[in-house]
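Shown next, in structure tokens, is the structure this report addresses.
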């Protein structure tokens, strides 16, 4: 086996060390991934756009700069991909929508610019649910994505393309976004590690907005260590995002090896009640016992309002999206209908043709929820309940250090199984949405496989800005176990 | 039958910031279309607004000047509507929690009374862009230079009872905005615009149904538009009809208002707090910091001018209409040491010439120092007040300093008694008939002799000296 054939088995650190010690060049690493994408993407549909030429041009440049000693950082020479809602300068940025299928972004999102400056190589843009609205990657205007563990199953969503990309090792790291579970749920379905940091930890500038008060970007990769390395580059204050938080950014890799002795883990009883698939529950229980065996203290906690989270979310998120998506009007960029007969026709047809069904559904729900006479009953009430949900977590964190539970009630479901049942689809995010509404950091890491042979992820929720603690816990688990290194046989 | 008019005004004042309210683009007026619109102004996917702190400071300034509550916490909200010059599909404004709460302003009525007008609120918002219909056949061009320009919308209570009060309120607010440096108040450029809510009712009855008249951008138009609208509403009611709640547009060319949209067609703006912006938190210390930089306000300045310079209320009001005029006056008054003379000149010749030339005081070609020099020549009897006006006109035209012009044109007043006596002797000799009539008791003829003597001396004779000598010689 030649070296190029095994680059994709390396961690971020392994790739970094490889290019910096001269084992292989950035170009070789880049080509290794580009070749894998070419080979496997037709089957998975995980990428919407592959930036082969610019990736190779970047690789040449970065090889040079590494040789000259100009670039030494942890991302220097490391390939990566981006969910296709991060604006990337000169690259088509579609949000998986016909509305933006022709949109070449004139600028880089904050995080895209950070990775570029750090010497990463952008391989391409990952498929996703249209405008990040969906839990199965089936709402994409560019076709659904297949789960590498079983290509008849969905990869989850909305960052489904990114999750499939990592699971099949078509990139060593990708950035996803999570509004109600869009990093954590697909990470669970695809056996990868993904973290949604505290709201405000990473700038949203250049992320095409779905629901502004919930959207948060985060890394997805095989391991917690890979996520920590990425967090070191992308986290921190950005003056262009008023909601980004001015708190010092720790070195997320510094405490990965901290002890878990005495760690107090809370299990919300509501997350282990009716609705949780028994085979998923069994895997979760086993992993919890593993933590207990390593000296963690397990406590039951309660989040009494968590059953209200899904309905609250489906008022707040659509309300914000109905407004956020108003800028897609066919006037300045994106899809414009042919021969509009007047202004209203231009708006109506451009939007009708540009948006898919799920996006339209949420725009309509949100428009209704904000309408005169309904605002108090829906939007305002939802915001009040949102505060209660946040208070539940605040109370729980008085007794425990972190919270654990399932990321999703089931393993990956079949393609098409829930497509025509929006409510069933919305309930996929039962366990992830409360965390999003509270603005807390949440992550998923692989803990094994259910009886159906599909992966199960553990959801780990930390207190505000405790991402370093969470990464430490997941990393420790990944020292005792090798679930996170497992790759479906045909993509090994 | 008697009708009472009820008027409330919504005034949009553009704030004097260098950059836009949520982006770093320049707010300078008159640039090539879309050259002052960056990614944020264009509403590109993924961009986010960042509040310009200067806009907050200016809003606090105005709030303090109208004695209003400054909200310790105010919220930006999105006003959702589709229009091509609204790039995001929503305007960022303030709705439930505006930055400036209840305040008031006193206006001067024509009969000299003072009336207090309540100000409901003032809130920050961004302006929209412009749709250009003229230059593109069958198409509409969009210029987003103006999109995101900071505005303060100042909403009055329905406290005005006729168009003149509305104009007085608008003028006073306009002066205040400029005084404070909150905005430049340039009405031609749209930096100060007004919408009027107008209704009529029987005195003491409930408020009638109102119509909102949009886009009144001059003091003249607002008065005409309101009067026209009041007549229209009275006509409707008196002929048995009902006023409908609607938005009307004033057409200054036809001097009429016409319906834009009815209440039924009105947008549901679906206001909600903008999740991209944090609440604006203002501490008492922030407010005090702004207060410390507040200039003297017009009313206080007027009182001070009356006390310090012994001016009449009328003179003091005129001089304090704008801060620049007041500053100019004070410089002249202090420089020449005669406040009454300075007031007469600033309110007289200076104001009149500015008005004739449609100029603002900022562009006055006769500086305060130059005017002081001229007034000193009046005070030391070098020229009469009348000759000084000619000198002033020449100074305005750039012909030089007061002394240079007096010198060059030989306008120096004749105070030399023998020269004046010679002139008078000649006039008496040439007009024996009139002299006889005067001496026989026709006193009125004195003016004739003054006129003759002035003409003969080309106006340069010192009027007091001339009067004295003339009287003496005629009494003979």
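Glycine is no exception: its Cβ is also placed from the backbone N, Cα and C atoms.
Unlike curated records, TrEMBL annotations are generated automatically.
What TrEMBL records for this protein:
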DOMAIN    A:28-471  domain 'Amidase'
ACT_SITE  A:83  active site, charge relay system
ACT_SITE  A:158  active site, charge relay system
ACT_SITE  A:182  active site, acyl-ester intermediate
Practice problem: Please work out the mean pLDDT for the residues of the domain 'Amidase' (A:28-471). | Solution: 97
Practice problem: Quick one: pull the CA-CA distance for residue A:83 (active site, charge relay system) versus residue A:182 (active site, acyl-ester intermediate), whole Å only. | Solution: 11
Quiz item: Taking the Cβ of residue A:158 (active site, charge relay system) as centre, how many other Cβ atoms lie within 10 Å?
Solution: 35
Quiz item: What is the separation, in Å, between the Cα atoms of the residue listed as 'active site, acyl-ester intermediate' and residue A:158 (active site, charge relay system)?
Solution: 5
Self-check item: active-site residues (A:83, A:182), the one with most neighbouring Cβ atoms at 10 Å
Solution: A:182
